[in-house]
Amino acid sequence: MDIINFFKQITDHEPYDYQIRAWEKINKIMELGGRVVIEIPTAGGKTEAAIIPYLYQFISNDWKVPRLIYVLPTRSLVEKQVERIRNYIKKILEIKGYSKDKVEELAKKIVQVEYGLEETHAFLGFVVLTTWDTFLYGLAAHRTVGDRFTFPCGAIAQSLVVFDEIQMYQDESLYMPRLIGLVVKRLVEANVPLVFMTATLPTELKKILGIHDEEPITVNPEDTKKPERGEVVVEFKEKLSDEELSNEIKKAINEGKKVLIIKNTVNSAIEVYEKVKQLGNSLLLHSRFTVEDRAEKEKDIDKAEIIVATQVVEAGLDLTNVGLVITDLAPLDALIQRIGRCARRKGERGKVIVVLPNFNEKINEDHREKVILGFKNIPFENAYVTLVNNKDYGRVIELTIETIEEKKGKSKIVPKKFYIGDLGNKTIRKLIENNKILKKKDLYFIPYSTQPYDPLIMIKSFDEVESVSEYLYDIIKAREALDRVYKEYYENNIVPKDYYSAYIYFRELKLFSTPPEYELKARPEMFAILYPLENAEEKVKNKEIIEFNPKYVIRVSYNWLKNKWEKFDKKFELIKEYDEKGWICSLKKAGKLQPYKIYIIDDKYYSKETGIII
């Protein structure tokens, strides 16, 4: 059986032309080492393009690499891919003649998940799905919770490593992309075969990742078998009233279509969910549910008529029959992903409504000359833009425009600085309310909250939204637009001095007992774990032993928890001790908040329907 017939047998589909090209190239690097970049629009079958050469080894018995390590940016994406790949493994085992019971048993052993809560942490499954942070610490022979020794490092060296959704590996200081670029360099030197997959990626990010000199595998115009998706109409509205929202949802449901509403923050998602849940079978999905509740919601997602979610649905989620997507304005790459959730199959028709920032009338009248909607409104030639923390205004964009002035017959370049903030910034909002907008420096502002996103990226994305439907289908146009959006972001991004305290460890792959200090400050995926528990205070008083169940944990952003920490009136830390009977868990009053710890909160702060309530 050749690889094409193998693919047909386990997927019931004909392969696309680009997938066959990818398999040929991946087969070569599995033997000799190297890099492959796959750049395909959403719903184009990238996963199969990357993993089929490895899976085919189970049939051909021609083993070039013994292990596949599949790296994703978030745990939710890992969880989504696990069953998909396990199902392929089950079909392979059935082809090889295993019984149904044995197929189930072996599939679980062959496909392993690794992101910090499992009993073993050695990267020793045939197929290992993991998050970027876990992969990085495994390579450095360290784990943030417990010991890992050097097993994962050895396992990685003998694997085909796939980095999926790499457009999501970004943060304010570009710390993660820089580390990935560093790791890629080391892995290439060790002849580890690497595959990178994305739908959209700025050119400068490719340079940081160290993959800019690789010709990407993509869909060619002359391909006869290629991914095709449905027709999507994109509308833009500056305001969507509750009545309009209700009417749009009812219309879509009456046509037998699903509705997907994507909000930028958890709080705004909950607010919209409460408004629309009576209109049909509704489901709320975001990052602040327990592992068990989130898994249940993801299982039920196909039954829901209305799905309200945050960024967790931007990538890796294959929703069928979505006829209406309503989304907040977001960075261009995220917006392309969101629109890509709609009408994913050939023959489907769908509608997307992008809700543009709502212009507050009072601000509009009183401060019209201070408002910036997008950079198109600023006439400049030479400009430098970066994010700074200004003592008067908080986090703002610093825009420096160079002008040429003539004085006494001589020309000289005169830089002028402007500060631009967004109305999500509490400091700026307070200044506006108190009518103290002029203070030391002129303050211009974006008339909407850009949280949780970089305001610089948001106002550049605002300038591109009218053409976003084109970018869904055309990779080249999408890349050119992303280069425009991220131009200043990358050009002006300065490497923080204390970054090197972490950099040196990973550059030399040194062992370390605790993460470098900058590592704890800079990583956006740094987390803590919350565990809702009934009568937690009583259990502490009575010194009860706690039966810890990983299904009830909620992994939250460390930075988010730091901002909310004082709002939890009762919080405790989980203590794990080992004796001859195994692990014993008890509680103590929580001290200073630290990343990667497990904190117990009262179950009054948690709802199965809406998640953490705070």
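Sequential numbering from 1, following the chain as shown.
From the backbone N, Cα and C atoms, a Cβ is placed for every residue, glycine too.
Per Swiss-Prot, the feature domain 'Helicase ATP-binding' maps to 27-219; the stated evidence is sequence analysis.
Annotation source Swiss-Prot lists ATP binding site at I40, P41, T42, A43, G44, G45, K46, T47, citing sequence analysis. In the three-state DSSP assignment, the secondary structure recorded for T42 (ATP binding site) is coil.
Here Swiss-Prot flags 244-386 as domain 'Helicase C-terminal', drawing on sequence analysis.
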Same-chain shell around ATP excluding I40, P41, T42, A43, G44, G45, K46, T47, C-beta within 8 angstroms of the CB centroid, reads A199, P227
In DSSP terms, the domain 'Helicase C-terminal' (244-386) comprises 58 helix, 33 strand, 52 coil
Averaging pLDDT over all residues of the domain 'Helicase C-terminal' (244-386) gives 86
Among the binding-site residues P41, G44, the one whose Cβ has the most other Cβ atoms within 10 Å is G44
The most crowded of the binding-site residues T42, T47, judged by neighbouring Cβ atoms within 10 Å of its own Cβ, is T42
